[in-house]
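**Q** Please see the structure below; I have some questions.
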Amino acid sequence: MPSNIIFFIGLTIIFPLVDCVNGFLLSSHINLPIGIFYRAFYFLYLLVAIFSYGFPRKFYTFLTVQCLLGCFLIILFQNVVLQNPFSLLVSDLVTIIKFSLWLLIPYYIYQRREEFRNINYSDLFLFISLFLVLGLFIPYALDMGHYTYANSNAGYKGFFFATNDITIAFMIATIFTGRAVTLSIVNKRKWASLFLLLLYLGLLSSLLLISTKTGVVFGVIYTIALLIDFLFFEKKIQSIYRIFMVSLFTVSIACLIFVGKDFIIGAISGTYARITYFYHLYDGNLIRLLTSSRSEYLKLGFQSFWDSSNPFSIPWIGFGFEYRLIHFGGAGVGGLMEMDFFDTLFGLGLIGTLLVNSVIGYFLILSLRRKNLSTHTIALITILLYSFFAGHVLFSALCTTLLGLICGGIMLTHTRNDQLGRRRM
């Protein structure tokens, strides 16, 4: 394997550890933003590596360059129209750099697809899953870290920054690890199956510990779907072995419940306390509860966006991100809708939204071309649905990395299928 591919893989899979250490330093009042340094270096490395390799004359190249260049130009034009100070421009450029990772990562992989076909690409997600679990449970075991709400045991997030970010990260990790458990059993890799099963249980426990409604419900539904697939649709597994593994999984769940009953009871009670807290906060309004007030955020957001006093170009280019934080702080958290489609619309306008959705649509179409849903397709649909309804994907450094890796896997699968198709002709 070429050294540049090894370097890219190593640089990529450590991001959960970097974010955890970064959170620990910030909590200790040590002003050393290693998260910013890491992402800046990662962004520059991807740019240099992509430019040094050259650009194939393909439609995908056109879409990627158009979206990247278009978003950067929109940010520059916004600052001229709104007459923002230089500090706001810098803040918006930092946001766009984080955003651009999901565009650069799959293009880097696309350029080097021949080299990436020689590795088990899904293993990257397993390493990330392991680092996510360690990053959450080590601080928890040491009685360190933070909860989402002060003076409450609801929503533990360790030293990670945002609860919503790590919720979708653990959900994606659960998808890939769950599939890896099934494949290891099919291939009769006993020790690998045991390790992956323990990792999967660790991910489920993490979702319970984080205690978000979406994360807990997803963990239950995906586990049930995984068991149904294992029992009735995996033809290569003998019946005796199938029954044995289901029994082992059931015993493992029972042992987990017995050994960690205090932890589970605490996590469930924390989740219940969190839901009842918001139920009373919203005066029993179920729509606000289920949407976490996003329905209210959208009303305020559209009022600000379509205000007749805005410059004519605002609907086309948006407000940017820091400008909204300062001027529309009441519309959601820091002016954010916490729904990525609308945050893109208000931040980058109609033009930016069209550019971003064209690339998302491209990957979605590629992923749905297969007759059977691949793990990457399920992960992409999951992260896009979460992005639309809960946000914290396109503009989160942690989640844009995951989205980029998912899109990279889809591109690898697509180019491999095209290559096989040409050989058969």
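Note that Cβ sites are derived from N, Cα and C of the backbone, with glycine treated the same way.
Just so you know, TrEMBL annotations are computer predictions that nobody has curated.
Not measured: the values here are computed from a predicted model.
Taken from TrEMBL, the feature transmembrane segment applies to 36-55, 62-82, 88-109, 121-142, 154-179, 191-210, 216-233, 240-259, 345-366, 373-389, 395-415.
In terms of burial and nearby residues, how do these features look in this structure?
**A** Counting residues 6+ beyond its ends, the transmembrane segment (36-55) has Cβ neighbours under 8 Å at 4, 8, 11-12, 15, 18, 22, 61, 65, 94, 97-98, 100-101, 104-105, 107-108, 111-112, 397 in the same chain.
Residues 8, 12, 36, 39-40, 42-43, 46-47, 49-50, 60-61, 64, 67-68, 71-72, 75-76, 78-79, 116, 320-323, 326, 359, 363, 394-397, 400-401, 403-405, 407-408, 410-412 of the same chain lie 6+ residues outside the transmembrane segment (88-109) yet bring a C-beta within less than 8 angstroms of a C-beta in it.
Under 8 Å from some Cβ of the transmembrane segment (121-142) lie the Cβ atoms of residues 9, 12-17, 19-20, 24, 156-160, 166, 169-170, 172-174, 176-177, 179-180, 196, 199, 202-203, 205-206, 209-210, 375, 402, 405, 408-409, 412, all in the same chain and six or more residues away from its ends.
Non-local neighbours of the transmembrane segment (154-179) in the same chain are 16, 19-24, 27, 122, 125-126, 128-129, 132-133, 135-136, 139-140, 144-148, 196, 199-200, 203-204, 206-207, 209-212, 214-215, 218-219, 222-223, 226, 267, 270-271, 273-274, 277, 338, 375, 378-379, 382-383, 386, 390-393, 396, 398-399, 402, 406; each lies 6+ residues outside the stretch with a CB under 8 Å from one of its CB atoms.
Remote same-chain residues near the transmembrane segment (216-233) are listed as 171, 174-175, 178, 181-182, 185, 203-204, 207-208, 242, 245-246, 249, 271, 382 (criterion: CB distance under 8 Å, separation of at least six residues from the stretch ends).
Remote same-chain residues near the transmembrane segment (345-366) are listed as 60, 63-64, 66-67, 70-71, 74-75, 103, 106, 301, 304-305, 313-321, 324, 337, 380-381, 384, 394, 407, 410-411, 414 (criterion: CB distance under 8 Å, separation of at least six residues from the stretch ends).
Beyond the ends of the transmembrane segment (395-415), by six or more residues, the same chain brings 12, 15-16, 19, 35, 39, 60, 95, 98-106, 108-110, 113, 116-117, 121-122, 124-125, 128, 160-162, 165-166, 168-169, 172, 321, 340, 343, 363, 366-367, 369-370, 374, 376-377, 379-380, 383 to within a C-beta distance below 8 angstroms of the stretch.
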